[in-house]
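Visitor: Sharing the feature lines straight out of TrEMBL:
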type: DOMAIN; residues: 61-98; note: domain 'COI1 F-box'
type: DOMAIN; residues: 117-163; note: domain 'Transport inhibitor response 1'
Amino acid sequence: MEESTITENDGEWLHELTLKNTVLEQLNFYMTDVVKVKPGDLELIAEKMCILGLSKARSYNNTVWECVIPYIQEPQDRAAISLVCKSWYEIDAITRKHITIALCYTTTADLLLRRFPHLESLKLKGQPRAVMFSLVPNEWGGYVTPWIKEIVESSSRIKALHFRRMIVKDSDLELLATSETGKGLEVLKLDYCRGFSTDGLLHISRFCRSIKTLFMEECTILENDGEWLHELALKNTVLENLNFYLTDLVKISSEDLELIARKCASLVSMKISDCDTSDLCGFFQSATSLEEFGGGSFSALPEQVDEGVLNEQLKRYSIAFPPRLCRLGLTFLGKTEMPIVFSIASRLRKLDLLYAMLDTEGHCLLLQRCPNLEILAARIVIGDRGLEVLAQFCKRMKRLKFERGDENEEAEGVISHKGLIALSRGCIELEHLSLYVSDITNASLKCVGTYLKNLQNFRLVLIEKQQKFADFPLDNGVRSLLMGCHKLRRFALCLRPGGLTDVGLSYIGRYSPKVRWMLLHYVGESDKGILEFSKGCPSLRKLEMSACCFSERALAVAVLRLTSLRYLWVTNYRITASGGNLIHMVRPNWITELIPATQAPVHNVNGEVLAHILAYYSLAGQRTDLPSTMRHL
């Protein structure tokens with residue numbers, strides 16, 4: 001069927017072939033649109049061919065897999081395929097195009113590029129997630145330099161690089177930009193990185209003429225001038241995505257943004273730092289293909305103004321948005337300027353209100369005009385009333401993220417179990433839900449499990465608004481949620497003392513068969529809880545815990561039981577000065593690093609000290625750049 005045009009309804013044809021055929025010698029659907037292929041069916045066909053011992057089948061076998069394996073993209077499936085036999089291992093090596101490395105110290109660039117010589121896309125994570133909460137020393141590590149050097153020296157075919165939470169230097173960007181790899185580079189994402197300046201960006205703008213995506217959201221960048229943006233505007237004609245949102249870059253020329261919009265007809269996404277929105281009229285007029293915009297700013301109004309001033313403000317910011325714009329995030333958007341969004345509200349699919357200056361009522365007025373909204377980020381000032389509006393008017397919602405604001409906002413509105421219940425009943429297509437709540441009940445968690453059957457990512461943080469919670473512990477609610485949400489892959493539960501007993505923690509282990517990442521805070525009562533938990537979670541690869549009461553030995557035993565675990569982060573955990581009992585978790589390629597508390601150590605009567613533990617699998621052995629404030633176990 002090679003190069004045939006096939007309308008694919010399902011993969012039943014291949015399954016039927018697997019069950020009924022025992023004499024197959026050749027199977028070829030190369031260069032077709034057939035993608036609903038189950039690795040299990042292909043494996044069974046190969047087994048039957050091998051059992052028959054047909055010489056032709058053996059000769060065709062690799063050809064079949066060379067055609068099929070490139071269509072399998074899931075990393076877990078690829079990893080399983082590479083373990084079947086040597087030939088499949090080699091096919092995986094030459095056909096793998098993208099790799100994600102969850103921690104930069106788990107391997108080396110040399111090992112990776114020798115294993116996958118035709119790699120085109122690499123995502124590399126550096127410092128632990130705790131760095132975002134100032135729980136990691138500044139000198140922790142996570143340098144991108146050795147990776148850039150190896151990528152450049154190996155003349156890699158890589159077209160897309162994504163570095164997250166890493167230290168990037170100007171010299172790294174210059175080396176990359178002036179290399180052969182830089183000439184063909186199409187995507188560069190610097191995500192929550194630091195260590196570089198606009199001088200480094202200038203090299204990227206000047207030499208990387210093929211770059212389509214330049215992403216720097218939430219990076220710490222030293223700004224010398226705005227020449228990098230001007231150079232990008234002059235030299236680039238293929239840019240599709242430019243993002244320097246939530247950075248301190250302020251030397252931004254609206255004329256350069258407009259020039260980029262005029263020259264880059266394929267520009268679909270632009271997210272910028274603070275730049276008065278009224279200066280962007282020319283940009284919006286030129287960016288006819290723009291689908292996403294984030295950033296900008298609005299001039300603040302005095303507290304007491306008359307109607308004329310309000311009308312003048314609204315007139316100043318009356319903007320004609322591009323016709324395709326459907327993803328929007330205007331920073332510092334106030335209630336006065338909110339009407340400028342009304343004209344496109346009905347076509348919005350994504351809305352970021354995390355940095356908007358709206359109260360509960362403002363959120364409600366805007367959201368009830370957004371019936372096609374699928375993604376929303378906002379602060380918890382939206383309140384239960386805002387969640388009720390979402391449940392009533394935004395039935396297509398798939399991703400929701402609610403973060404904390406300041407204390408004054410929380411005095412006006414917060415999210416409670418009532419809002420969660422309304423949301424669960426109204427937005428049943430939700431796949432991602434992350435929220436801070438003032439209180440929570442078993443009934444509300446059960447409601448999540450009952451209605452949100454598509455939920456894949458759930459994160460709940462209980463804030464410190466009150467000391468006592470009437471419905472603690474939440475054991476039964478958590479069990480109902482996990483039993484109902486069968487698709488859950490990521491699960492975070494941050495409670496207060498007494499929120500979950502050992503029984504509840506055992507429920508998490510028992511009913512989380514597909515969860516791969518987990519964050520737990522204030523869960524369990526004793527070692528029994530973590531030991532029961534570790535009997536489950538067969539798919540768990542990353543575990544982060546804090547404020548838990550487990551002993552070193554129990555933690556070590558749990559790690560050994562969690563056979564899929566590749567990464568462990570424990571914060572503010574009481575360990576002895578030597579960390580001796582953690583020695584029980586030692587196994588081949590398992591690296592354990594002890595990190596002292598970021599503040600002055602706190603000792604109790606037993607001589608125990610609060611500290612952090614990071615443990616992970618590594619093919620590269622112990623790292624050589626461990627700072628003096630840390631030590632290997």
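Cβ atoms here come from the backbone N, Cα and C positions, even for glycine.
TrEMBL: automatically predicted annotations, no manual curation.
Map the listed features onto the structure and describe their local environment.
Guide: The average per-residue pLDDT of the prediction over the domain 'Transport inhibitor response 1' (117-163) is 92, rounded to a whole number.
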Visitor: Residue counts in helix (H, G, I), strand (E, B) and coil for the domain 'COI1 F-box' (61-98), per DSSP?
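Guide: Secondary-structure breakdown of the domain 'COI1 F-box' (61-98): 29 helix, 1 strand, 8 coil.
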Visitor: In the domain 'Transport inhibitor response 1' (117-163), how many residues does DSSP assign to helix, to strand and to coil?
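Guide: Taking the domain 'Transport inhibitor response 1' (117-163) as a whole: 14 helix, 10 strand, 23 coil.
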